[in-house]
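Residues annotated as transmembrane segment in TrEMBL: B:33-54, B:60-81, B:111-136, B:148-170, B:182-204, B:256-276.
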Amino acid sequence: MSVAIPQFGVNHNSRTENTMSELAIQLTDVSLSYQGFTALDCVSFDVAAGQTMALLGHNGAGKSSLIKIILGLIPPTSGSVQILGQNAQLSQARNSVCLGYLPEDASFYDKLTGYEVLRYFAALKGVTQRRVESLIEEFGLEYAQHRQLKTYSKGMKQRLGVAQAILSEPKVLLLDEPTVGLDPQASQFLYGKINQLKLAGCAVVISTHELSLVESHLDRALIMAKGKRVALGSCAELRSASTLKTCIDFSELSERVKTNAYLQQFYQDGLLQIAASQKSEIVQHLVSQCQIFDFDIKEPRLEDIYHDLMGQALCSSVEQL
Amino acid sequence: MQMNRLKSPILIIAHKEICDSSRNRWLSFMGSIFLLLSLSVSFAGSAVTGSLYLPELDSLMSSLSTISVFIIPLAAILLCYDSFVGEEEAGTLLLLLSYPLTRSQIIFGKLLGHITVMLTATGLAFGLTAALLLLVGEQYNGAELVAAFAQFLLSSNLLALTFILLSYIVSLKCTEKAKAIGCLLLLWFLFVLIYDLLLLTLLVSDFSFANQFLINVLIAMSPTDLYRAINLVAIEGEGATGSLAMIATTDWGLPAMYGLFLLWIVSLTLISHRIFKRKPL
């Protein structure tokens, strides 16, 4: 199966740029097969320090396998995995302190208190008690730190989970569905923390299905389907790769179109529908030629791009069968 | 002891397991059961004969081991059945493995924690019983009583260790906690009830092929029968009555039987470690 969708982010220029800005994660042609099933098929990508990458894909797309490979927990069948410049498998123990991980829907030890749970994980990573106390304060769990975890709400548990993941001030942070089941305020709080870490130079990989939440916080997104890389790039690059159009609307659009042959070619369903690459040209035309300064530009959302790219990938895989 | 002062991952994991067991009241509950059991056998066991008196040391140890052979494996199973499958279901096993820990450290940390919990529960319960017997039982020789209880505690905890390791193996193999407890209860039923019963049947049936060597092998193949044999040999079979006394006829000495117990423990440790190492994530 192969997917005929433009692949972004691994071109020569971006590779050179990333190498210069210190690659935290680098996967090259990684494949994983077991019992005749191909979980990952020649996946390549890299994440630089201070970059956030969203890992998107349907259930069973290979996201969790990819995270386990980055953690050094399972060896790839082929390909190479470099974490902070070292082989992920060979230096798993050494890298573990520099890696932060929040598993999906983790349920920590219910009988222990929040403070005890964090102290346990801190002790295993050789992190000081002062850091534990400061994280508890930072994540607003001071009032509940001596309560058993079974009394915690989902949001409190998730905050504790993220605090656990950043105990050792990691250089690579892997978050598996960090916002599932959280209210908007709690999700916002978590993304705020993630942005702070990113600014401090941490490479963050977020596996999520909540595309609307992650959209404004990511630098790049890797879309996967059936173990293959469907697309990789920034939101703008993914938008260009999709067949979705950017829509422009303003008052009296229908009237203006009648007298403007240039705009007429883009007019469809009451809107100007243009390719992402034509956006600046049209905007310039509207401002300079038509003297229109008040208009709405509706870019396709990440969710729409995702569905479009996934649709193309799945269609092409069906055609290949 | 403060967890952050501990440096060894094995000690940190052991400390957490002890905290967990004391927090979910397993330690106090099982400690109370053991205490109630040993006090009843020691001080009220003679009631079935129509009068109340303190039993001879031999028959007391025989009675205690006869009841403990059922309870101790069960306690070990209940303590450890979810050691790995529980962590896997909760997502913390994957998290632990992402930490700078080896799988051996995780197994040995849990093992140290769980055996400490068992030692504490049995030590407090049987130790308190021994202390009370020393206080009120004038007929007992202090040194003999202490030696008998120490031997009983040692063998009981070796039996517990065997079932803790069996629980680890099942917990590593199963994908659900419910399946793990089901499998372990089946194992308990087979080892403690069925195998024991079949062995005793063989002993009393006097089959021509059932020579002493075969009986020794059959005893060695079950940790519960090994436990019975150790405790019967330790009291020289004097306190045992009926078919149980026949187990004491094994011609192994105590050191050989303890050696066999250790062999069980080493083998189960190696098996559980191997399974953990190969466990797909």
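Using N, Cα and C of the backbone, Cβ positions are placed for all residues, glycine too.
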Checklist outcome for this item: If you count CB pairs under 8 A between the transmembrane segment (B:182-204) and each of B:33-54, B:111-136, B:148-170, B:256-276, the winner is B:148-170
Checklist entry - Short question: which residues 6 or more past the ends of the transmembrane segment (B:60-81) have a Cβ under 8 Å from it? => result 21, 26, 30, 33-34, 37-38, 41-42, 45, 54, 110, 114, 117-118, 121-122, 126, 133, 148, 152, 155-156, 159-164, 166-168, 170-171, 177, 180-181, 184-185, 187-188, 191-192, 196, 224, 227-228, 231-232, 234-235, 239-241, 244
Checklist entry - If you count Cβ pairs under 8 Å, which stretch among B:33-54, B:148-170, B:256-276 touches the transmembrane segment (B:111-136) the most? => result B:148-170
